[in-house]
Amino acid sequence: MSETDKKMNPTLEEYLRKRKNPNQKPLIQIADEKERLLKIKEQKEQQKTEGVEENIEEEPPYFLQSLVFAVPFTLLYAWLYYLVYFQYNMLDELEYKELLIETLKIIPSFIMISYLVRRYKKYLLLHIILGIAGSICAVYTIHIIFIDERFGQMLRTPGLIVLCIYAVMEVNVVIAVLVIIPPIVYYYMDGFRTKLTKME
């Protein structure tokens, strides 16, 4: 085919392009390049946005979370410890140095427990173990309050109550509901009735 025939039978786009500027790229090619550049730009912006979201959603370190949880629960323990002395009308025997020492003793243990719980909270097995521990603490607390009211035993209740509350707070909703069933059953079916029988 001669050069004249080639010029007589091109597509309209090619023909117009060659008439204006022989070196100009076809419009389809230009559009493809623009689309490709636009996609690259969108991907970069999306990566930047995801990076910002990851930084926002990233939780603080587990140890820091443990320290944050330790503060309110330590104060709760100190208040419950004080309350035991108040209930037995023995506040005159409570030395605040003793209260401070007993409170400080539980902080390392609580931080360690809280650290492990926060670190492995995504596992269902941890929720189950924590739920069982919470139920045992609650049942034993009820047993001490209604059956074994000795002062020495009652001093165990602050730690048991703190662990029970912490367990219920950390587990998922279903296990949290199941945690409170054994204490309720024990309270009505055994612990409370046994106490009443002994009083009669």
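Using the three backbone atoms N, Cα and C, a Cβ is placed for every residue, glycine included.
Among the features that TrEMBL reports, transmembrane segment is placed at 67-87 (among others).
Taken from TrEMBL, the feature transmembrane segment covers 99-117 (among others). Same-chain neighbours of the transmembrane segment (99-117): 62-63, 65-67, 69-70, 73-74, 77-78, 81-82, 126, 130, 159, 162-163, 166, 170, counting only residues six or more beyond its ends whose CB sits under 8 Å from a CB of the stretch.
The transmembrane segment annotation in TrEMBL covers 124-147 (among others). Beyond the transmembrane segment (124-147), the same-chain residues lying 6 or more positions past its ends with a Cβ under 8 Å from any Cβ of the stretch are 117, 153-154, 156-157, 160-161, 163-164, 166-168, 170-172, 175-176, 178-183, 186-187, 191-192, 194-195, 198.
Taken from TrEMBL, the feature transmembrane segment covers 159-189 (among others).
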